[in-house]
Structure formats: structure tokens, C-alpha cells
Amino acid sequence: MTLSEGTGLPAQSPPVEPAKTGHAPANGGQKRSWAGESGESVARNLVLVGVLVALIVIGAVTQPELYSDSTWVWNNIVSILQLASVVGVVTVGMTFVIIGGGIDLSVGAIVALAGVWCTTLATQSYGTVGMIFTALVVGVAVGLVNGVLISYGRLVPFIATLAMLVSARGLAAAISGKQTQISSNSFINSLASDRVLGVPLLVYILAVVAVAGWVLLNRTTFGRRTVAVGGNPEAARLAGIDVKLHTMLLYGLSGLCCGIAAIMLTSQATSAQAAMGNLYELDAIAAAIIGGTLLSGGRGTIVGSILGVLIFATITNLFAINGLSTEAQNMVKGGIIVAAVLVQQFRFKSLTRFFARNRATTAG
Amino acid sequence: MSTHAEPTGVEPDVVLRLTDVVKTFPGVRALDGVQLEVRAGEVHCLLGQNGAGKSTLIKVLSGVHRPDAGTVEWLGEPVQFANPQAAMKAGIATIYQELDLVNDLSVGENVFLGHEPRRFGFVRRGTIADRTRQILGSLGHEEIPARRMVHALEPAGKQVVSMARALSQEARLLIMDEPSAVLAHDEVENLFRIIRRLTAQGIAVIYISHRLEEIREIGDRVTVLKDGRTTAENLSAAGTPTSELVSRMTGRTIEYVFPPRPEEPPQTAELLKVTNLSRAGEFRDVSLSVAAGEIVGIAGLVGSGRSELLETIYGARRSDTGTVELGGRKLRAGSVGAAVRAGMGMAPEERKSQALLLGEPIYRNMTLATFSGLARLGFTNAGRERAEADRIAGSLDLRPLDVRRAVGTLSGGNQQKVVVGRWLLGDTRLLLLDEPTRGVDVGARAELYRVIRRLASEGVGVLLVSSEVPEVLGLADRVLVMREGRVVREAPSHEIDEDTVLDLVMSGSLMEGTPA
Ligand SMILES: Nc1ncnc2c1ncn2[C@@H]1O[C@H](COP(=O)(O)OP(=O)(O)OP(=O)(O)O)[C@@H](O)[C@H]1O
Ligand SMILES: [Mg+2]
């Protein structure tokens, strides 16, 4: 719908080959490499890696003194990773929802609700397990409510999750009495502060979630259904896939990721409050889009989404070390989103062809 | 009868000439030296197997693709169309093989998409509606409302809209890529009437079809493509023997025959039992049965409720009244899941909107209904999926035979093979096939028939819907004829002939009026 690449209708439209991608006419039937999923997404992700490297180079060029200090560089990398970790987990869930043809605007609010709920005095009295359990259950439950409204209540995902955004934050404020709730659980607090091999535990959590997400998307029947449901819901239904059930589960999965993110964010701040996770929905959606996830569903990769998150975190860091304002930063981010979509539309055909040709020749 | 190019002494004007046109896609030479010459006022037919390059050729002509080499001369001038609009402006109108309408716009908006009549920058909706009505009227389809949303139309109706769009601008060449594939018998006659009227005005027509009878009836000259090359140019459509056309197309001879039926019809147990099934406005009180190992065909016009019936049996639509039993067990109404679990499979009518994930590889499309079964503990088994898909692709002569290729890069007929192939793997007990050979060439068609017959001999029941009466009569053991939502005749297929079926099917269509 909204931001999908190439919403511009061809004036006298030729056969728009992959129906879901709705491209402009000039590229007629050839926006897919014959290599299918691999060739194209590899090319795409390599470009993202290139962008990431370029951003780091810009950092080094603008702040040569800082970059001459290797401890500072290491610490800076760690802080970028730490910055990316919480949004990264949310983005993994978001990627699934978008590939499945939906959108989840309530992720930030779910993070807040789960964070607040798991840090009430009552919950904290149940200890670490109680807190973690609460955060996850709250996340999944709210996600499933979204899912039920969308699948069985037939609400548009945009509207259902927008409503959830408002009410979940409202509930979070009510539970916390608009107070900041301090976490006195040392295990949870240690997730952000403790390091293994010099890397904070939060980063490991992101790594585990990302790997699990990758496996789930690429190697399991759940992932296969996700692509089918998002790519062509009618075809999925006629092939015997329970589209409604699966859609509901996708929102549950997104909620689960929000629950995990809530624990991580609580750990970072050693507290929780109703305003936490503000605008995470935008960061997560933007990262997924930059990572090549098609807003209209049916296509996307976890690797791309994680690269998208890292690119955003690096930009934020770049602005911070150069002492620039967040306003400028937001404007640049907006520009990057637009650029990413444009680049995807125009550049990947040729790159993909290049890769496909190489494969064709090596394959004989 | 169309006028055949008699030598009149004067060379008729050539409007279009292609010389050595080449077009490559990654890993494929889709066009590899094509010659084509089209004259004003003629119907020039393009013949070729699935994947021969016909659609690619017309996309080169209509500005969708640009040729890598070779020349296109249009009205005597070499041209390169930058985009479809440029070709349209130059007077080349195209009806594509895959319907290219915008579902969420009205009929009129689709017809004038890209060249809306405007005043002061505002689209003149009234004018659009009026002119659309005019064009539809001239096509003999005034019953299609200009303001109706396109998604509410049947496939045949969409085809008419597509045609109206091509006619909405002054064209000197009209290209039609398998226009008859979604049309029923009487609609094809109507199409031919329109084509004759256009050619009488000096408009040239390029006509693509896999049905040789049609080419004989409407065509003047024929050009044959094989593997992207012109293998025969400007043959006479009426005079060239079928065997020659087929061998130019395929490089071999194919006897276009249906596999033999088993001598003794299998008197096995009843597999599917449908009792008094009804859906308001679509079909009423339909009762039928299919035995294990039996092929039952349903003939009828588009709009007679055949596809709706099939989808309702499959649970994709919820019946108002009546029951569906498979193997003695009643199925829950309106649940595809229940039908699939009970062992049903359905290849739907519209491959693009109802069956395929165009960006996904062929093998994943083939295993879309079976990948769970091949998986272990929720983990998919891509290796086995590819092996299974390879097997089916081989038996259906899929081209190119590489199941990792995205299905969207296949030619139309090859995509169709994927749709049907999906249900040939796995252990389906009852196969519902809706127009299974739409767009499939003669050779591959014979393969498909053989596969279906073999499945039946293994005990699978088949319920087949087809607009091609010879296909129903040739493949099925028993035939049902539907008209206006009712089964009007049921007979073993050797007791009924094509004319009888057509009479039964048509007699209703004299009473004008569209079933809701
Ligand atoms: N966008 C594309 N990318 C890659 N290959 C393509 C693409 N479009 C077509 N091809 C390939 O080009 C060849 C010719 O395809 P084309 O669609 O022209 O066949 P066709 O003659 O129209 O067949 P059909 O009778 O099945 O419609 C096929 O091998 C097809 O796979
Ligand atoms: Mg074609």
C-alpha cells in the first residue's frame, strides 16, 4: 500500500510481472533474477554493507583524532552495537510481520507496556524468572490481540495496531502511575552492564534473536508460510494454508520480540516507564525497508533488516561524535529512507543481472 | 471468412518488419534472430511452443522490452520504443497474455488508464463512462457496467475490458497475445467478428494462440517461432498442413491424441459426493459424484457457475445449502483446510492471482501445498522439495528446466504447468482442475493429459472444468453440462458429442441476461 516501491502506475500499463511488486513499465518482466531469492538479496545486502563501511569511513574522516585511538574505536563500535541491539530485536519481529503482508505500529507501545508490567513491585517480587516471564507473556498476549483483531476481526493492520499503540501506552501509564519504576533485579540490570569478550550481553541477545529469526524465516515451514501469506494470500489460502491463523501468529511473534526488547531496554535504563520505546515502530519499519523488505509483503531478509538497524545506529553515532543536532539527524534519516527505496528500484536490476550472469557462467 | 492474401499484382503495404531481433534475459536467449513481416489489414498469426518467445516478441514491439540487436521497422521507419506509451502513441495497441488491469479501478478508468480525457487537469469521469460504454457496445458487451470495479468481473469480462482498452486509442496494429485462452466458445466467435471488422478498416492484427483451428479460421499468414528463432515465415494460414506447422514448432511430430481410456470403467467406490449444493446467484441444487479413478468433466459457458462450483466443493467459497462428502465423510463448508486435509487439491482458474508466488522459485511454488508434509519437525527440506519438483517438471516438459528459477520469469504456458504440477505431487485423492491447459501448447498438453490419466489409473478422482469441449469429451469418462448454474445433462462421454454439448450449452445463452 503506502510506501511500496513503485506505486507509480504505468500510464498504459504493460503486464506487471510480479504482481505484488508493481514496478514501472520500463523493466517489464525482468525484475527477478533467475537466481531467484539468493542472487537478488545477496546483491542488495552487499550494497548495504558498502553503505555501512562508507558511514564508518565518514566517521573516521571527520574525527581523525578520535579514530587514531584504538580503544576509543573499539568502545565506539560496542556502543553502536549496543544502540542497535534493542531496536534490532524489535525489527526482527517487524520483518516477519511485513513479509507476511502486515504492519505493526504498536511495537514501541508493547515494549513500554511489557517493560512497565515486568517492573512493578509485585512482579519484581517474583524474581528474575517472574519478570522475564511477565515481559514475554505480556508481549505475546498483546501481539495476539492485534492478530485476532486483524485476522478474525478483519481490521486493517494499520488501524488495529494504531489503536493498540494508543491503548497499550495508556495502560502502561496507568500501571506505572506515570512514575519511573526502578529495576532492582541485578540479573536484568547486568544484561546491559556486563560484558563477555568485551561485548555487552545485550548484543549477544540480538545475535541470538537474529539467528533464530533467520532460521525461522529461511529454514522452517513457518517462514515458508510467512512468505506465501504475504506474497499472495489467495494462492496461499487455495494451497490449504490457514492464512488467518498464520497472520495472527505473526503478530504474536512481533509481540514476543517486543517482550524481549522490553527486558533489554529495562536493563539499559535499570528502570522502566510508560514513555520507553517511543517511536520504535518508525525505526523498526525504516530499518526493515532499508534492508529490502517489501512493504506490500512477500519479500524480505533478516540480514537486510539487521544491516538496516546497524546503518541507522551508525548514523546516530556519527552525528553524536560530530556534535550535531538530532533535528539534522532525523532529516538525514528521512532522506536515507527515500534514497534506499529509490536505489532498490533502479539499481538492483543491473546488479542482480551481473550476479546472475556470473552464476550462469560458473554453473556452466 | 477472412480474405486471404491473393496475389493482386500490387504489393500490400507492409506496416511492420522485424529483422534479426535478439532479446536476452539473464541465462536465457528469449529471442535469437526473429524475422516478421506484417501487412496492413491482415491477421498475422504467431505460432510456437511454450517459451518459444512469442510474448517476449510482442513485448519488444509494444515497448516493454528493448531489443538487444536487430531492427524494428514501423511504417517504413526504424524505431525503438522507449516505453509502452510511445508504442501506443505510434499506433500499436497490445492485449497482453497476462491480464494487466488495475483491480481497484473501475472498468472505465482501466480502459482510459494513462490517456484519461481531461479538462483543466480534471479527469472527465462522465466522458470516460460514456466512451467506455460506446467501446464496450461495439464489442458486443454493453452489459458490463463502465463504473463497476474490475475485481468484480469474471476473467472473460476482464478480457473484454483489456480489449476495450486496446481499442480506446487509434491503432494501426493490434497485438493479441492468447486472447481466446479465457474466452468461451461463443465469445471467440464474437472476438473474430471484431477482428474482421478491424482488418476491413485496414488495421493489422498479430494474433497468438495455441489453437490451430482458430488460426485456420481467422488467420491470413503464419510465422512460426521455435526457441527464439523464426523457423517459418509467412505460411498460408489456411493452406499449410497441420503436420508441417507442428513440426516447424516442435521439431518433431506430435499426434495430438488423448490417452486411451481403460476398457472397463473402474467400478470402484464413490469418492466425492456432492448433494444439492447451492450458492445464491451462482449455481443451484447441484448433485454429482466422482468415483475413485474416474475423470469427470464439466462443460459449460464461462459464467455458467462451473468455477464457482469447483471452488465451493473445495471450500474456498461457503455453500448456502447442500453437502460435500469425500470418502464418506462430510466436509466442513467453507474450509479449504478441511478439504486439503481430506485429500482434495484444486488448480484454480487464474494462475497469477490465485495460484502463484511470482517472485519465488518454481520448486517452492510446486510444493506450496506439500512442503509441510516434506518437512521434518517444522524444518523445510529444500533438497527433497527440489527433487520432487524436478520430477514433475520433467514429466510436464517445463522449459527451462531449472526449478530454482523464479516462476515469474517463465512463459505463460510454463507457469500454467507449475500450477497444475503443484497437485500432481503429494497424495491427493481428488483433483479439481479448472482450465488446466489454459495457454499450454499442443505437445505439453498431450503430456498433461497423460499424467492426469495415469493419476486416475492409480485411483485418483478428477473433476475437470474446461471451456474446450473436445478436451472434456476426450479426457473425461463422464461429462456434466452446466448452464446458468444448473447441471442440465449428465452422460458417459462416449454417448455425447461436441455438437450436442454445444447445443445444450448455447440454448440458454440466447436468452440474454447475465446471472447476477
Ligand atoms: N523476465 C524474464 N526473465 C527471464 N526470462 C524470461 C523473462 N521473460 C521471459 N523469459 C524467458 O524467455 C523465454 C520466452 O518466453 P515467452 O514468454 O516469450 O514465451 P511464449 O512463447 O510467450 O510462451 P507461452 O506460449 O507459454 O506464453 C522463456 O524461456 C522464458 O522463461
Ligand atoms: Mg506467452
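A Cβ is built for glycine as well, from the same backbone N, Cα and C atoms used for every other residue.
TrEMBL labels come from automatic prediction, so no person has curated them.
Annotated features, as they stand in TrEMBL:
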type	residues	note
REGION	A:1-35	region 'Disordered'
TRANSMEM	A:42-61	transmembrane segment
TRANSMEM	A:73-99	transmembrane segment
TRANSMEM	A:105-122	transmembrane segment
TRANSMEM	A:129-149	transmembrane segment
TRANSMEM	A:155-175	transmembrane segment
TRANSMEM	A:196-217	transmembrane segment
TRANSMEM	A:248-267	transmembrane segment
TRANSMEM	A:302-321	transmembrane segment
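Contact between the transmembrane segment (A:155-175) and the transmembrane segment (A:105-122) is supported by 3 or more Cβ pairs under 8 Å, counting only residues 6 or more apart in sequence.
No contact links the transmembrane segment (A:42-61) to the transmembrane segment (A:129-149), because fewer than 3 Cβ pairs that are 6 or more residues apart lie under 8 A. By the Cβ criterion (distance under 8 Å, sequence gap of 6 or more), the transmembrane segment (A:73-99) is counted as touching the transmembrane segment (A:302-321), at least 3 such pairs being found. Between the transmembrane segment (A:302-321) and the transmembrane segment (A:196-217) there are 3 or more Cβ pairs closer than 8 Å, counting only residues 6 or more apart in sequence, so the two stretches are in contact. Residues 85-87, 89-90, 92-94, 96-97, 100, 102, 104, 107, 110-115, 118-119, 131-132, 135-144, 146-148, 150-152, 161, 183, 188-193, 202, 205, 209, 222, 226, 229, 276-277, 280 of the same chain sit 6 or more residues outside the transmembrane segment (A:248-267) yet have a Cβ under 8 Å from a Cβ within it. With a cut-off of 8 Å between Cβ atoms, the residues of this chain six or more beyond the transmembrane segment (A:105-122) that come close are 86, 90, 93-94, 131-132, 134-136, 138-139, 142-143, 146, 158, 161-162, 164-169, 171-172, 175-176, 181-183, 254-255, 257-259, 261-263, 265-266, 271-281, 284.
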